[in-house]
Amino acid sequence: MSLSSKDKATVKLFWGRMSGKAELIGADALSRMLAVYPQTKIYFSHWKSLSPGSSEVKKHGKTIMMGIGDAVTKMEDLERGLLTLSELHAFKLRVDPTNFKLLSLNILVVMAIMFPEDFTPMAHLAVDKFLCALALALSEKYR
């Protein structure tokens, strides 16, 4: 699924509106993923607490959203722009790429809750397509 120029513009516009709450979105989305898909906890077993609101969840949620924010600036070539991150997840962290989609679903849920007026059907579509493209780019080194 490719991103049209309109999709890219919509993602950039929406990201601009929500970026001030990116940390909260990341922490909530990660908390939801860990609760709804408990099998994902295996990647974070070294943390002291996987509870929603724990310092580890908040910190990693922020890291995730900073990475997504960086990807927004690299939409023209996500594979090249996210190569280092793809290598990290594939070779060092060994994260099953299915988890990228699981996290994306939770990010969409949180965005819809936090921005009901701005997260229109068109924004939803564009952000979903972007997160799918992002997940695909992060999966590049798995092939």
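Yeah, the Cβs are placed from backbone N, Cα and C, and that goes for glycine too.
Sequence annotations record features per position, and here Swiss-Prot assigns O2 binding site to His60. Marked as heme b binding site by Swiss-Prot on the basis of sequence analysis: His89. Per Swiss-Prot, the feature domain 'Globin' maps to 2-143. The N-acetylserine annotation in Swiss-Prot covers Ser2.
Features as recorded by Swiss-Prot, highlighted on the structure.
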| residue | record | contacts (Cβ under 8 Å, 6+ apart) |
| --- | --- | --- |
| Ser2 | N-acetylserine | Lys129, Ala133 |
| His60 | O2 binding site | Gly26, Leu30, Phe44 |
| His89 | heme b binding site | Val95, Pro97, Leu138, Lys141 |
* To do: Using DSSP, break the domain 'Globin' (2-143) down into helix, strand and coil residues and give each count.
  => 112 helix, 0 strand, 30 coil
* Within the predicted model, mean pLDDT of the domain 'Globin' (2-143) -> 93
